[in-house]
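Single-structure report; data block below.
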């Protein structure tokens, strides 16, 4: 009833919106109704926008239909297009288009618009459903191409290929849309086959097709195949452009063929002026020389570029400076960064954060910590912002030189300014030396704060950093904080080493935080690490001390037996006693059975009296009968305790069974007072035959 009421209410609201909207159309002055398409478009969009996100309800369908019937002459493809543009929820575009088919022939422009809106909102599944629900000819090629690209970019390459096959007459743009994702996924054979199919269907490739293929083959280490395609371009009426040459230059440099790349660069100059090498061409080749550790050649090429009137950009400078630093040619770096020829104070280019980070790292690697600090301070002078990589590199360099006090000052500055959360991509491993220093000196919390800021900035996580901080917390008796970091590691699919688990578990046990010790132990069991036998027993001992952890202790004993780990008899006895104490009798009996099945035992002389003291005489009886079954020698007094307790609790028949089994299976004896008490209890319960049997036993005992 409630659902029906809500549905009716929604229908009424939609109907009222339709009525008010249509009424406003009729009531407007004539100069505002000069373009009825726009008015109806607003009315339709208002109805859809007023409805909450979710499934397209029948009530909305009814309200729209009522509006369409009342303004049938105004409902045109142009009005539908306008209403699609006014939607606040792009996901509603598909249902609105399908609704319009009841009143309008399908317009390819509206279909393309609806699909575009769905793609803009990243609703790939609804977009694909919409396209498949209509005839392929309803959509222009560019709609297919857009969806193919989006599906491939989202990792659905198989669906992208299937969709491509639905295009009635694929164009060169259609083929280009699929070639690029195939090559990004390394599917060079599939891309070659698609290109051959393209030629066989008389679709003429364009420069973009060849550039896509050449780039794809270069990135997949197939430079020879890229050159083969390059040579085919004139045959298909396509002239290589600068992008083509730059792509080949990059492929050659990646393959280590820098000399061939240089020859190709020189060859570009012999072509038309449109193919003259540009900044990208030179930067690519400079990167190639730097990767081969040929700094002099890289600098010479850089100067040639400047002499030709090409202005290097930041990427060019940073690429060259990084290459020179890697080659340890700081003398050449100074020449690149010195002031211009006019003698002014302005540098040839303005270094950015990346430039300074490269220089600081180079000085630190060369042992020039003072030079690195000078560069670090120069950033402030030039108002260049320091990021987490800047601080990380500088802190690491100071730690390696033993200047921990200065390094800690930078940590304080970093925390105060929250640098790790603001700028740059953090290099977590660079902070490991300072983490170690802080944790060794009782300042683990400061290390944890830095670590957390790095994690908040999506830093590339490092197991060593986590381990250092976790062990630091344990050392300072703050194992709970260490456990929180352990949980954080699990969320990032990181596995601590065995030593980290071991230390954390031991820390919890020493602080008597058994629950945390058990959770850390369970996490360790779920990894590839196997706890030592001592760790099993330590955790079991901790669980056995806590009466509320009886169930967990039972699970651990069972696990130890499964892993063939010999349990301690005293601990096993305590665990079984605790299980009985928590009324987990079935579990206790199961564990006792498993222990004896695997060749182990419990101390019945301690367990049974303990049960009797806790008034658990039935459980004591079960253990005693189990002992008789296993032919264990049990003290005579234990029999007396069980029989006497059962009699006092009104369970004479159970007491008699114990006596009977004792006579059948063991040579034990009970006192005359115990037998007399059993005889009286049997008589009171009307069991005369059993009482006579006990009397005979008493007579034999007196002879």
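Cβ coordinates come from backbone N, Cα and C, glycine included.
The repeat 'PPR' annotation in TrEMBL covers 171-205 (among others). Counting residues of the repeat 'PPR' (171-205) by DSSP class, helix then strand then coil, yields 26 helix, 0 strand, 9 coil.
The annotation repeat 'PPR' is assigned in TrEMBL to 206-240 (among others). Non-local neighbours of the repeat 'PPR' (206-240) in the same chain are 172, 175-176, 179-180, 182-184, 186, 188, 191-192, 195, 198, 247-248, 250-252, 254-255, 257, 275; each lies 6+ residues outside the stretch with a CB under 8 Å from one of its CB atoms.
Annotated repeat 'PPR' per TrEMBL: 241-275 (among others), in sequence order. The DSSP breakdown of the repeat 'PPR' (241-275), given as helix, strand and coil counts, is 28 helix, 0 strand, 7 coil.
For 278-312 (among others), the entry in TrEMBL reads repeat 'PPR'. The predicted model assigns the repeat 'PPR' (278-312) a mean pLDDT of 91.
Per TrEMBL, repeat 'PPR' is recorded for 352-386 (among others). Within the chain carrying the repeat 'PPR' (352-386), a Cβ under 8 angstroms from the stretch's Cβ atoms is held by residues 314, 317-318, 321-322, 325-326, 328, 330, 333, 393-394, 396-398, 400-401, 403, 419, 423-424, all 6 or more beyond its ends.
Broken down with DSSP, the repeat 'PPR' (387-421) shows 30 helix, 0 strand, 5 coil. Under the heading repeat 'PPR', TrEMBL lists 387-421 (among others).
TrEMBL lists 462-496 (among others) with the feature repeat 'PPR'. Panel annotation: around the repeat 'PPR' (462-496), residues 428-429, 431-432, 435-436, 438-440, 442, 444-445, 447-448, 451, 455, 503-504, 506-508, 511, 513, 516, 519-520, 523, 527-529 of the same chain, lying at least six beyond its termini, place a Cβ under 8 Å from a Cβ of the stretch.
Taken from TrEMBL, the feature repeat 'PPR' applies to 497-531 (among others). For the repeat 'PPR' (497-531), the residues of the chain that approach it from at least six positions outside its boundaries are 463, 466-467, 470-471, 474, 477, 479-480, 482-483, 486, 490, 538-539, 542-543, 545-546, 549, 552, 559, judged by C-beta separation under 8 angstroms.
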Could you give the residue numbers and ranges of same-chain residues that sit at least 6 residues beyond the repeat 'PPR' (387-421) on either side and whose C-beta is under 8 angstroms from one of its C-beta atoms? 353, 356-357, 360-361, 363-364, 367, 369, 372-373, 376, 379, 427-428, 430-434, 437-438, 443, 446, 449-450, 453-454, 456-457, 459
